[in-house]
Amino acid sequence: MSPEIYQQVGSQLVWLLTAAWLLPLLGFLVEIFGGYWSSRTSKAPAYIAVGCIGSGFVLSLIAVCVWMNATDFVPWKVAEAHDVHATAEADHDDHDHDHDHDHADHKHGEGEEALEHGHADHHESHANKPFEKAFAGTFYRLGKFGSLNITLDWYIDGLTVLMFAMVTLIATCIHVFAIGYMSDELTERYEDHFVHTKDGGHFHRVGRFYRFFAYLSLFCFSMLGLVLAGNIFQVFIFWELVGLCSYLLIGFYVERHSASTAANKAFIMNRVGDFGFLIGLMIIWTWFGVFQFAETNPETIGETGLFQMVRNAEGEIVSHGEGAEKTVVLQARQGMHLQHEGDESTIPYWLLVVAGLGIFAGCVGKSAQFPLQTWLPDAMEGPTPVSALVHSATMVAAGVYLVGRFYPMFTEEVLLVIAYTGCITLFIGATIAVVATDIKKVLAYSTISQLGYMMLALGLGGWLAGLFHLITHAFFKSLMFLCSGSVIHGCHHEQEMTKMGGLYKKMPITCWAMFIGVVAISGLAIPVLTIPGFGAAALSGYHSKDAIVATALSFSGLNPLHSMLFFIPLITAGITAFYMFRMWFMTFFGTPQDQDVYDHAHESPRLMTAPLFVLAFFAAFCAAGGENGPLAQLILSTEPTHVAGGVEAGGIIALNLPSHHQIHEVHSAAGSFALLAALIGTLLAYLLYSLKVVDTNMMKNQGRAIHEFLTEKWMFDELYDWMWVRPVHVVSSWAVAFDKYVLDAFLHFLSRMVVLIAVWDRKFDEVVVDRIVNVFGETTYSMGRSLRAVQTGRIRQYVTFIALSVVSLFILLFVFLPR
């Protein structure tokens with residue numbers, strides 16, 4: 001791509017995505033300020049919000065087309081190209097076993113190796129020629145601090161345009177759904193049945209319809225700004241704005257104690273992770289002197305970004321030394337401070353690890369990963385459209401997106417931490433979902449588990465698999481949340497599945513739309529059956545989860561000590577199918593558990609069911625073709641260079657990361673294992689909750705200890721209460737006692753002393769000072785009265801006194817002055 005075409009395409013993409021990004025902000029401003037003078041019963045704010053985000057989707061879709069045209073991406077030919085490349089990889093590997101050749105292994109420092117130049121050549125444009133696969137630039141420079149420029153940048157590649165399209169499409173569907181779901185807010189007097197006044201009545205307030213859509217618009221603006229951001233500091237700005245919007249939306253029903261508590265919990269737990277994020281930012285500022293991801297403009301010679309400073313043209317980290325003395329050689333000096341002009345630019349390896357862990361800590365909080373996962377289920381206190389947006393396209397997706405975006409900066413040690421964090425999270429979330437009875441909380445714990453799958457894949461070197469699952473999960477999870485919202489709306493805000501049952505007769509559209517989401521997330525497929533051009537006969541979730549399990553299997557083969565990173569996800573795949581079909585059977589099949597709920601249940605209006613059809617379509621077919629399909633190949637087009645060839649004995653821990661070919665070799669076996677696990681889980685759910693061959697209440701009583709442990713969410717809240725809340729309370733009680741019995745006592749003593757001194761001072765003033773003054777006054781008065789007799793008013797007498805005085809004065813002078 002020539003620089004002229006680069007500038008032209010980049011300009012088109014910037015204008016399209018910037019407009020798509022700013023439209024929700026425009027909607028927010030109109031809605032939030034217009035709400036005070038427009039009627040609270042008007043749907044105009046919703047129409048404005050839908051118009052803005054819908055227009056953003058159209059612009060994002062155009063941007064996808066521009067991107068595909070600029071990179072010569074042809075969706076219906078990618079599968080063939082992928083097969084050719086896979087064959088070339090296999091032939092290349094066979095050739096390596098018999099011959100040595102010029103394109104042998106590249107070393108990552110002292111032991112870290114990438115695969116052959118053949119892979120690097122295939123993906124060469126990802127790192128050494130980034131302007132061929134990405135576009136970057138600056139909107140505005142906010143300030144300059146020494147050598148560090150604080151700027152508003154943009155960075156556009158295949159992942160950016162895909163995330164824009166996904167976020168705006170799902171947000172548009174959720175906005176439309178919310179018009180019907182939040183219609184009870186279209187009133188001047190809203191009655192909240194969950195809040196009671198002191199006299200026993202229900203709490204009343206004005207409707208907040210316009211405010212809800214204003215917050216949604218701001219939420220979308222924040223997420224799109226995070227995706228478009230071209231530097232890590234700018235990401236942090238929108239990262240915090242996303243957190244603020246989630247706080248406002250989770251606590252939308254602020255009068256409810258549970259909602260305000262959940263909003264506070266989400267906000268505080270995310271700040272814990274953001275503390276690590278700030279540490280990572282400080283290290284980057286100190287050692288790199290630049291925040292930009294990468295400089296891609298072919299006309300800016302000598303300027304580089306973080307990715308180009310850490311990795312060379314082949315995507316390798318060049319390092320010296322061993323152990324604690326290991327250092328990373330930076331590939332550029334942009335913005336750096338060197339002690340000596342001729343010095344080699346380096347950073348201690350352990351600092352690069354700490355910086356990566358710091359950035360990941362922020363992702364742990366935002367994506368509800370272990371051990372900061374407890375805020376996400378409580379966030380269900382917000383309206384269901386909020387839950388759908390938070391759990392699919394915005395807040396929790398931000399953490400996974402940032403790990404994928406910042407991937408070139410992560411060392412093998414950081415990736416292993418990411419993998420184990422994801423592995424623990426996916427198992428914890430799945431096991432709790434098995435016993436949850438609130439329909440929204442089942443989906444919440446499912447989200448935690450699926451986010452764990454994404455983090456696991458990214459940590460194991462499966463960059464494509466992790467982000468592939470991020471996109472597919474966004475569609476089927478938003479679908480299921482809107483279906484749950486339809487159920488809650490149709491059952492008059494009942495959320496307990498133990499009071500449902502048999503609803504498929506009352507809500508057929510919602511039932512079968514939910515079924516598509518359940519099948520997709522379970523990873524089910526028709527065994528053996530393959531559709532030409534589309535791969536296995538399965539919905540989207542099968543393809544993305546299959547890719548994750550294949551990555552895990554390949555990784556465990558290369559690193560036998562970490563085999564649990566394959567077996568736990570495999571077992572959890574079965575648990576996922578079990579609890580999802582359990583939810584579906586308990587809600588829509590069997591006999592009604594609460595006749596009143598069943599009698600009043602009804603299908604949602606068309607305005608709410610229409611988005612279900614759209615999301616169901618994408619939940620089913622967005623991953624058509626699997627890893628050979630357009631979606632996966634669009635993600636793969638911007639994969640970092642070092643991922644494709646894998647890593648051999650990388651980092652201080654000598655970790656092996658699988659290459660694409662190694663993953664492809666075990667793909668069929670991994671897919672079979674995952675499908676078998678999902679089928680077993682589905683069969684168990686069918687037997688227990690549809691046929692009811694075993695009394696589940698009896699099973700619960702027999703395993704009461706385990707059931708209570710899972711119902712109490714692995715006791716994490718109690719653990720944190722014991723570790724943090726109670727110690728804080730103890731310290732605060734000590735502080736109160738010290739303040740009361742020490743500081744207050746001391747202050748009271750001082751005040752008494754001051755009062756006592758004041759009393760004695762008053763007495764001294766009255767008895768001594770005033771007496772002296774009075775005596776002096778009386779004496780003066782007496783002398784005045786005595787001398788008053790001299791004042792006769794006769795001039796002759798005055799002259800006589802003067803004459804006598806003068807004569808007396810001369811006599812004294814004559815006597816006493818020396819002669």
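Heads up, the Cβ atoms here are built off N, Cα and C, so glycines get one too.
Lifted from TrEMBL, the feature list:
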| type | residues | note |
| --- | --- | --- |
| TRANSMEM | 12-34 | transmembrane segment |
| TRANSMEM | 46-70 | transmembrane segment |
| REGION | 89-124 | region 'Disordered' |
| DOMAIN | 145-185 | domain 'NADH-Ubiquinone oxidoreductase (complex I) chain 5 N-terminal' |
| TRANSMEM | 154-179 | transmembrane segment |
| TRANSMEM | 212-230 | transmembrane segment |
| DOMAIN | 229-554 | domain 'NADH:quinone oxidoreductase/Mrp antiporter transmembrane' |
| TRANSMEM | 236-254 | transmembrane segment |
| TRANSMEM | 347-365 | transmembrane segment |
| TRANSMEM | 414-435 | transmembrane segment |
| TRANSMEM | 442-464 | transmembrane segment |
| TRANSMEM | 509-531 | transmembrane segment |
| TRANSMEM | 564-585 | transmembrane segment |
| TRANSMEM | 606-626 | transmembrane segment |
| TRANSMEM | 669-689 | transmembrane segment |
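Within the chain, the transmembrane segment (212-230) has long-range Cβ neighbours (under 8 A, six or more residues past its boundaries) at 17-18, 20-22, 24-25, 27-28, 31-32, 35, 45-46, 48-49, 52-53, 56, 136-138, 153-156, 160, 163-164, 167-168, 171, 174-175, 178, 182, 185, 237-239, 241-242, 244-246, 248-249, 252, 292-293, 383, 385-386, 389, 393-395, 397-398, 401-402.
Using a cut-off of 8 Å between Cβ atoms, the transmembrane segment (414-435) and the transmembrane segment (606-626) share fewer than three residue pairs, counting only pairs 6 or more apart in sequence. Across the domain 'NADH-Ubiquinone oxidoreductase (complex I) chain 5 N-terminal' (145-185), the DSSP tally of helix, strand and coil residues reads 27 helix, 10 strand, 4 coil. Of the Cβ pairs linking the transmembrane segment (154-179) with the transmembrane segment (12-34) and spaced 6 or more residues apart, 3 or more are under 8 Å, so the two regions touch. Within its own chain, the transmembrane segment (347-365) has Cβ neighbours under 8 Å at 232, 236, 239, 269-281, 283-284, 287-288, 310, 319, 321, 324, 326-328, 330, 371-372, 398-400, 402-403, 406, 409-411, 413-414, 417-418, 421, 455, 652, counting only residues six or more beyond its boundaries. The transmembrane segment (12-34) shares the most Cβ pairs under 8 Å with 46-70, out of the stretches 46-70, 442-464, 564-585. Same-chain residues lying 6+ beyond the ends of the transmembrane segment (564-585) with a Cβ under 8 Å from its Cβ atoms: 419-420, 423, 426-427, 430-431, 433-434, 436, 439, 442-443, 446, 449-450, 453, 456, 460, 497, 514-515, 518, 521-524, 545, 548-549, 552-553, 555-556, 673-674, 677-682, 684-686, 688-690. On the 0 to 100 pLDDT scale, the domain 'NADH-Ubiquinone oxidoreductase (complex I) chain 5 N-terminal' (145-185) averages 91 in the predicted structure.
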